[in-house]
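For reference, the structure is listed below as structure tokens.
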């Protein structure tokens, strides 16, 4: 079977991919709308609400782009020209950068929010939402500018090439030259190592804070221990669960990617990698939705208002 045609013939992959994209778009939309409304509706808005809205928006954009590509994978008859193919593939690859930036900065921001008053991070607690949105946009633009080599990728309607990087019904994108590929891989490895290292440091700091807070609470309430977790503990567990999902899916994505490079004739790795690489952005909003009860209450009240109109 031609590798280019596996997307059209494998019904299981089609169902899994479209289900993943649909669920991810729905969950991220709920998270985005709820936190944006909470940020705009409060008299003293919390910066963390705005940033979680940014976090879900980047995931939403990535999944929408993937949905457009998936439609072209499975629907017969190519409809894209070379320009459309290049633009969507470039946009999809580049959007993975802001997703990583959003996860990293969310981790750092949560660490700052939960830090004690005597911490050196206290001075960053009262920064306005403009500083947060500005920092996020700056990192996104910087990340995208460092990916300028991707603009040189070639979109082609030739689906018979054995060296394709990505294939849909309309186009295949051929590999970059060795020099461009080496430069891009080096810069990508450096920035991903920096962002992941920052996440590891902030996660370790939060674990230390959680342990210290737990010991202090046990010492103060040794005679009447409460089984109810504090808001700080719940927030720390949420972000640690989020980081755990990120690490697991990142490792799986890397393993499948290198397996795909090794077994070039086994095109099933292409489909599996697409599904795994979008699993984190699909699962992550459920971490917030399931742990933050006010999101569920917000949507129940919103549905009640709509019914009463």
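Here the Cβ of each residue, glycine as well, is placed from N, Cα and C on the backbone.
Identical topological domain names are assigned in Swiss-Prot to residue 42 and residue 292, which places both on one side of the membrane.
The feature transmembrane segment, as given by Swiss-Prot for the ranges 268-288, 289-309, sits at 268-288. As annotated in Swiss-Prot, transmembrane segment covers the listed stretch 193-213 rather than the other ranges in 172-192, 193-213. Among the listed stretches 21-41, 51-71, 193-213, 238-258, the one sharing the most Cβ pairs under 8 Å with the transmembrane segment (86-106) is 51-71. Only residues 6 or more beyond the boundaries of the transmembrane segment (51-71), in the same chain, are considered here, and those with a CB under 8 A from a CB of the stretch are 17-18, 21-22, 24-25, 28-29, 31-32, 35-36, 39, 88-89, 91-92, 95-96, 98-99, 101-103, 105-106, 109, 132-133, 136, 140, 168, 274, 278, 281-282, 284-285, 288.
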